[in-house]
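Notes follow once the structure below has been shown.
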């Protein structure tokens with residue numbers, strides 16, 4: 001038994017390392033999608049396999065990067081030898097996949113969805129010799145991109161869970177949503193608006209880590225903050241900073257004023273709020289009064305109402321900061337995701353399943369995320385139709401924090417996640433809570 | 001006569017358009033230097049021609065870009081077919097050239113220097129159909145770089161002036177300094193510290209435009225502001241902006257505070273001061289508290305003392321802004337240039353020469369630049385040894401301002417500049433003021 | 001019965017209007033204390049009546065105003081004819097009173113404390129004709145001061161409750177703490193450190209309004225934010241703003257930078273935080289670079305830990321903002337109060353009592369305040385000795401918000417509060433929860 | 001001769017100390033005006049003496065304080081025993097005087113004006129034992145007000161000059177303008193708009209100190225910056241900072257944003273500009289989101305055009321800062337004064353006169369003030385009618401800077417000023433430049 005677990009551990013670790021090497025940012029997961037397709041087809045015989053534009057409602061994609069970025073990652077995937085036919089179906093940022101498996105008396109069984117996300121982050125991975133992916137030689141091959149949030153592990157758990165469920169007594173339909181663009185809150189809505197979600201009776205989603213150690217499972221995560229992305233481009237007028245400073249309309253001054261005052265938006269008595277200006281890119285040279293400044297920001301709230309409070313305040317700050325420095329500003333309200341909670345009935349089954357998994361020594365009923373996730377679109381879509389949803393946390397010892405250059409997962413947690421998810425899915429088909 | 005002028009006009013215009021097509025930023029003027037060498041060798045037989053590391057004191061180069069940028073422009077030059085031998089001598093950002101010509105009884109004649117600058121700007125040229133370089137098909141071939149300050153015209157006037165002087169009764173030594181990296185105040189010091197400046201008795205420098213129309217010459221420009229470049233990199237601590245905002249140390253907040261307060265440095269009663277934060281680059285994603293923020297800034301003053309006042313205040317602002325947000329900051333004090341004035345005796349000869357040039361209908365004795373220039377290093381080097389210097393302005397109708405995407409020159413002013421400079425050089429050798 | 005209630009209503013309203021006319025700010029409640037003493041002695045025969053320095057631990061008073069302010073209110077009270085003997089005991093800002101009543105088999109009964117606060121706010125009352133105190137002629141006689149938080153009603157309910165309890169079957173000791181200086185978090189600690197609290201077994205505190213309507217009682221309020229007051233005085237160097245701006249060290253720039261960045265202190269994932277800069281006083285004339293700037297601020301947190309997080313961040317902001325503008329800053333960390341919760345056992349008795357009060361149509365078990373209160377010092381003192389405490393909310397229709405110029409109470413709620421408190425006190429003596 | 005000078009020195013010092021003791025701020029110079037009237041009537045027999053509303057065009061007074069302030073100083077003057085009849089003529093802030101003297105063949109002589117200013121500053125005088133007014137017992141009797149700019153010396157020189165001129169061979173009309181409210185740029189326009197200025201052919205104005213030592217005279221001061229006063233009142237909405245921070249509209253945040261960005265208004269290439277926010281008064285309590293914030297600011301420029309550039313930019317900053325925090329702002333554009341220059345012809349006569357004064361060892365032709373002065377209104381009024389004007393600087397060793405608590409004058413300079421001014425006036429009547 002231990003031997004089998006070791007073998008499974010090794011197999012899952014290999015799979016994960018393969019994904020870890022090729023991180024691609026949101027909507028650019030060309031090579032990742034191709035690899036998923038090939039793993040799914042090699043290992044299983046899916047009843048249905050929807051890829052790219054067939055896997056989601058393309059018009060509902062949010063936060064799609066510009067053509068140059070898409071093209072650059074597309075070409076990189078082509079250069080890496082991705083099958084041209086498949087690649088061409090993904091062109092323009094239509095990534096991701098939905099795999100469907102039917103088993104047993106599936107017509108009388110439930111449809112259970114499992115959502116895993118697949119995108120990496122625009123961050124350079126640590127090249128420190130102590131960083132395991134360096135030491136063990138599976139560091140990101142894509143300089144400037146990194147699986148710094150564990151989505152490599154999520155995809156791995158998705159495939160591992162399919163394997164386990166197909167070996168189990170599960171009767172019903174299993175749909176695995178390999179969702180792109182979670183990090184930019186970009187893909188959840190597009191999958192939630194597709195037909196694929198419509199018949200899902202139960203939905204599980206999974207996240208590794210989140211400051212929980214290896215061996216700990218959180219049966220139902222809630223407290224997702226609603227989130228909204230904003231991009232603002234300030235446009236002023238350039239001038240020579242020495243010769244004619246008064247002729248400039250300084251986009252960098254507008255930006256700095258906006259940043260300071262966004263962080264100063266009043267806290268709200270009804271609950272948690274957040275604001276972050278995460279990216280600034282402005283100006284062209286030391287001696288030119290900056291003509292342009294761009295910022296990328298996000299607002300969050302414990303409820304959608306609170307998120308909208310922050311968003312409206314931020315919009316006003318951005319507009320008045322522009323006016324203060326005689327600049328224009330164009331705002332792009334980007335991706336948004338609602339808040340959500342896990343259903344207790346499913347959480348109980350997850351807890352039950354986790355309790356029996358070797359290596360799991362702590363099962364928590366509930367935890368609040370404090371962050372945001374666009375899995376909430378899918379959870380909401382299922383819950384609004386009368387279905388039930390649960391977001392599962394699989395602890396892992398991670399040396400660096402999420403989104404940092406030294407993030408890594410303890411691969412021992414992969415099997416724990418797989419067995420917890422597969423166990424929960426089997427219990428769902430049996431108990432129909 | 002008119003015919004000859006037309007021919008000269010055409011020839012100068014062609015030369016200028018050739019340079020205009022291939023703008024390269026500071027210290028990356030590989031292709032430009034190669035082209036200068038080839039034009040000089042094709043047209044004349046210089047008594048000496050010093051290139052790259054031989055043209056300047058390499059250890060005094062300021063504001064040299066990082067290896068990746070140098071390499072990228074180097075490779076672009078190679079791809080454009082630049083002679084490998086020559087190119088290899090320029091590797092690592094050793095660009096520019098000094099051409100020496102001796103004529104007549106040169107041992108008893110003066111050594112007259114002419115300084116022209118050769119670098120372009122990191123700015124995308126307008127693609128508007130009305131923009132003459134578009135309409136006439138000589139827009140920048142280097143997307144993202146542009147001769148937006150007229151250095152293409154300066155090089156052209158340098159070559160044209162050599163031609164005219166060699167045809168004239170000038171007796172003495174003419175040294176033309178094709179100086180790299182003026183826009184970043186990077187090359188002047190390196191040329192001023194080289195041996196080539198040591199025997200220069202008289203120095204002319206030239207700038208086109210500066211809001212003076214075609215037909216106007218400013219015999220002696222002064223009032224150069226002393227300038228200092230600063231780069232600051234704020235380093236904080238990333239964290240998830242939704243999940244753990246309190247764990248971040250926000251480099252973007254530090255930056256915004258610094259920007260606001262740099263612009264608020266008190267004005268000074270002793271004269272003009274300037275501050276500009278021209279470039280900001282910060283953060284990695286909307287949902288990450290930014291770990292890093294970089295700014296590129298400059299301080300100026302009507303005197304070196306006033307520039308240092310601004311510089312010291314700015315340093316304090318940068319350091320305290322970092323401390324305010326628990327960040328570190330590393331400051332790089334970059335290029336500096338002193339203030340300077342033109343000598344009246346030379347300005348009088350320039351005015352005299354300009355007065356006789358066809359098409360020149362207005363000659364101003366003096367104007368203040370209000371900006372900065374690292375020609376001041378060369379002027380100071382000559383003046384401190386007892387020589388005399390003069391900075392000459394050649395008006396040109398320019399549709400967009402300097403450093404803007406629609407900057408362009410009226411090519412009629414090229415010949416006016418050439419004849420003014422050559423006339424002044426001949427007068428200098430005759431009158432030895 | 002209704003008739004009696006009307007009479008009581010009228011009597012309570014008269015009493016409240018008397019207090020409403022003479023608001024005095026924190027530690028300046030000279031006339032108010034005198035009036036309380038006279039009402040208590042006229043109406044009852046207290047077993048003990050401790051006044052001023054005898055009512056509290058004077059050395060633990062927080063946020064005492066400066067001598068000039070104390071003196072000015074002291075003289076105003078004298079001018080109003082307050083008894084000189086009593087007044088002299090209060091001199092220097094020793095205000096407030098503790099009244100003790102023993103009844104029945106008090107040696108075997110519990111000691112029940114009731115805390116009401118007595119200070120007004122430094123705010124000018126509305127003179128709008130629609131404002132009831134204007135229409136009914138009991139507007140503040142002290143221009144610039146106002147009972148804008150209902151402490152006039154609290155004192156009234158304190159006296160009304162004594163009356164009711166003395167008529168009831170209560171057996172034990174009743175101590176009513178008429179606490180000064182709540183608005184500046186200044187008096188709670190001084191009363192909590194006095195001997196009077198030591199034998200209190202049960203403590204009630206009361207607040208009117210808080211956005212609950214007339215007829216609603218909140219049996220147990222909790223969620224008090226811990227709070228800390230900060231005062232900062234920036235000191236720079238004055239200079240003539242036209243003649244020598246560079247010689248100034250601008251305390252107003254330091255202040256503005258501090259304000260902006262205090263509001264930008266990151267939110268905390270563990271719970272609610274607050275920051276407010278509530279008062280700024282700076283500079284002397286338009287043409288002088290400001291030498292001094294003072295701010296009064298406060299930091300709060302859902303726990304004492306979170307309050308301290310805000311406080312430490314704010315201190316760092318204040319110190320670095322001063323350094324940024326070459327100023328000094330002296331920080332005075334003023335009054336603080338802990339967070340607190342009500343005990344459920346007492347809340348249940350309060351709810352039970354409220355349920356039987358005519359006019360009370362809604363009883364809430366619990367509500368979170370979201371603000372701060374220095375009653376928490378007294379609650380903590382009782383709870384730490386094994387006693388129990390409960391903070392009671394008595395709803396009232398109030399046209400303007402608390403602390404605004406149009407705040408007013410619906411006097412119908414006075415009797416509801418009195419009957420609820422007296423009913424709860426009687427139940428406590430009977431049930432000893 | 002020396003003896004006489006000593007006596008004059010003593011008499012001038014006494015006079016000055018009398019004024020020094022009773023500083024009154026702008027438009028509140030009730031006691032000062034009364035003292036001037038009494039000194040003028042006691043010492044001389046003026047041909048005309050216009051006081052208060054008769055001395056100026058009342059409707060052109062700028063920056064008049066509110067009634068409460070006027071009243072408070074008025075009552076103080078009455079309490080000091082000022083003649084009731086005279087006082088009643090000054091009521092409402094109509095202060096100042098114009099004294100007219102005719103001598104010799106005055107009908108054929110010129111009319112020479114001398115303008116001295118009379119107001120003090122709202123600043124507390126040093127009580128340091130080393131401060132001469134403390135040591136010699138003539139420190140300000142008006143706590144919080146101070147002659148910190150030397151106007152006590154100006155009045156003294158005005159009276160001393162009358163005395164000298166009346167003893168001299170001057171033939172013509174001498175008009176001395178004792179102008180109120182210079183510090184707030186409030187009185188110059190009102191005197192410049194009165195009839196009294198209309199027949200003035202030559203105007204002198206005088207200022208002591210300005211960083212010139214005792215024994216130095218500046219014959220003609222120019223370079224006055226144009227100035228404009230602004231007051232802004234931000235109005236938001238109060239709320240409880242702990243309980244409902246989101247319900248506030250924070251006037252202090254609006255103010256801080258405005259302050260930061262006012263100082264960040266771009267410098268101008270055409271000449272010197274200034275901005276100063278000199279006073280801030282905001283908010284009511286630490287726990288209330290501030291409803292109101294007031295600032296007093298000023299903009300200056302080397303020309304009126306540059307002052308207007310600053311003023312317009314500042315207005316935009318104030319308005320957008322209010323909008324950013326959902327506040328309203330009401331702007332009061334207050335007093336303004338133009339820029340001005342001294343006429344060389346008069347300066348030459350002043351220099352000539354100063355050259356012969358005992359104790360004057362340095363005479364400068366010209367200096368730039370760098371500050372502002374509403375004497376420019378009177379200078380402009382005279383110059384625009386074809387007259388000539390000159391602003392004279394009389395050096396004095398002053399231990400503290402102008403407008404600081406330790407400012408004081410070296411009384412030896414009083415006689416030097418008187419003799420210079422009287423000598424210049426006599427020369428003017430003789431030479432009619």
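Glycine residues also receive a Cβ, built from the backbone N, Cα and C atoms like all the rest.
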Which of A:125, A:183, A:231, A:426 does TrEMBL put in the same Mn(2+) site as A:149, A:151, A:207, A:403?
-> A:183
Other CB atoms, at most 10 A from the CB of residue A:149 (Mn(2+) binding site) = 26
May I ask you to pick out the binding-site residues among A:151, A:183, A:207, A:403 with a CB closer than 8 angstroms to chain B's CB atoms, ordered by sequence, or 'none' if no residue qualifies?
-> A:183, A:403
Apart from the site residues A:149, A:151, A:183, A:207, A:403, the 8 Å Cβ neighbourhood of the Mn(2+) centroid comprises A:117, A:119, A:121, A:147, A:148, A:150, A:182, A:402
Taking the Cβ of residue A:183 (Mn(2+) binding site) as the reference point, list residues of the same chain whose Cβ is under 8 angstroms away and which are at least six residues distant in sequence.
-> A:25, A:26, A:119, A:120, A:121, A:149
Could you list the residues of the same chain, at least six apart in sequence, whose Cβ is under 8 A from the Cβ of residue A:403 (Mn(2+) binding site)?
-> A:121, A:123, A:148, A:149
Around residue A:207 (Mn(2+) binding site), how many other C-beta atoms are within 10 angstroms of its C-beta?
-> 27
The domain 'Peptidase M20 dimerisation' (A:231-322) [mean pLDDT, rounded to integer] | 95
The domain 'Peptidase M20 dimerisation' (A:231-322), counted residue by residue under DSSP: helix, strand, coil | 35 helix, 32 strand, 25 coil
Count of other CB atoms lying within 10 Å of the CB belonging to residue A:151 (Mn(2+) binding site) = 27
What DSSP gives for residue A:151 (Mn(2+) binding site), in three states, is helix
What three-state secondary structure does DSSP assign to residue A:403 (Mn(2+) binding site)?
-> coil
